[in-house]
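Notes for the one structure printed next.
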Amino acid sequence: MASWNSIPLEITYETFGWIAFFSWSISFYPQIILNFRRKSVVGLNFDFVMLNLTKHSSYLIYNASLYFSSAIQKQYFDKYGYGEMIPVAANDVAFSMHAVLLTAITLLQIAIYDRGNQKVSKIAIAIVCAVWLVAAVCFFIALPSHSWLWLISIFNSIQVFMTVIKYIPQAVMNFMRKSTDGFSIGNILLDFLGGIANYAQMAVQSIDQNSWVNFYGNIGKTLLSLVSVFFDLLFMFQHYILYPAKKAHISPKPNEEGAEPLVKSADDPSSENV
């Protein structure tokens, strides 16, 4: 395994990594606090949260496996060379664990707070089920030959795929409502900072090693930063430019008729995706 050639660059690498960790980790709290204060999750897209949980769970499996497993690290070095460095840092593992926990808490808030007429779409449920079915099939394919690096690369691909699609329901919902009320912009600003710091961390490692292997050796981390930054810019444009003063009316109390079911019924003509 390669070592650092420059102490200042190593320190810079660690600094960017923990900036990304704290930015991404803290980014979950504004939404959770907003939900708690309003006792409502109206304006937060449930598909976004559900897809996000699958995304972070997949990323945790990838990060923890590559960081802790010596067998998988050996397979990585066999593929990319023993002169390379493992592209997963301690902050990546810590972030993934924290992200899974906080996303689960957000889902709990969706279950107990006022939801208005919002529901989880059956499309999102189908996507999540299909993704975990594919992961299970890949596990049994990898089991006989112990192709663990290939298997965790599947989980890395899953997290990239989920990162790409998870933002779309929230962006469409903001567009349909012509408002970002109920969706925390603080979450987006911190997520944007985390994405920039994450990409900078990888660049510093590449400069020190005079190699760009870590970018395609951990393509999931690279795409995670780029996709996150793209959608963060879109959400900032929606919040500050398109809908700066247009606020949807949010009822502070649950509807008198009771909370709506979390999953839409195909027989309910009044339930529509937003």
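Backbone N, Cα and C define each Cβ position, glycine as well.
In TrEMBL, annotation is done automatically, which means it is predicted and not curated.
The region 'Disordered' feature in TrEMBL is assigned to 251-274.
Annotation comment: TrEMBL describes 15-36 (among others) as transmembrane segment.
Per TrEMBL, the feature transmembrane segment maps to 57-73 (among others).
According to TrEMBL, the transmembrane segment annotation covers 93-111 (among others).
Within the same chain, residues 46-47, 50-51, 54, 58, 148, 150-151, 154-155, 158, 161-162, 165, 169, 263, 273 sit at least 6 positions outside the transmembrane segment (123-142) and bring their C-beta atoms closer than 8 Å to a C-beta of that stretch. Residues or ranges marked as transmembrane segment in TrEMBL: 123-142 (among others).
Taken from TrEMBL, the feature transmembrane segment covers 148-168 (among others).
Residues or ranges marked as transmembrane segment by TrEMBL: 180-202 (among others).
Sequence annotations record features per position, and here TrEMBL assigns transmembrane segment to 222-243 (among others).
By number of Cβ pairs under 8 Å, the transmembrane segment (57-73) is matched best by 148-168 from the list 15-36, 148-168, 222-243. By the Cβ criterion (under 8 Å, sequence separation of 6 or more), the transmembrane segment (222-243) is in contact with the transmembrane segment (148-168), since 3+ such pairs are found.
Tertiary neighbourhood of the transmembrane segment (15-36): same-chain residues 44, 89-92, 94-95, 98-99, 102-103, 105-106, 109, 113, 182-191, 193-195, 197-198, 200-201, 204, selected by CB-CB distance under 8 Å and a gap of 6+ residues from either end. Only residues 6 or more beyond the boundaries of the transmembrane segment (93-111), in the same chain, are considered here, and those with a CB under 8 A from a CB of the stretch are 20-21, 24-25, 28-29, 31-32, 35-36, 41, 44, 46, 49-50, 52-53, 56-57, 59-60, 63-64, 67-68, 262. Non-local neighbours of the transmembrane segment (180-202) in the same chain are 13, 16-17, 19-21, 23-24, 26-28, 30-31, 34, 38, 40-45, 87, 89, 170, 174, 214-215, 218, 221-222, 224-226, 228-229, 232-233, 235-236, 238-240, 243, 247-248, 250; each lies 6+ residues outside the stretch with a CB under 8 Å from one of its CB atoms.
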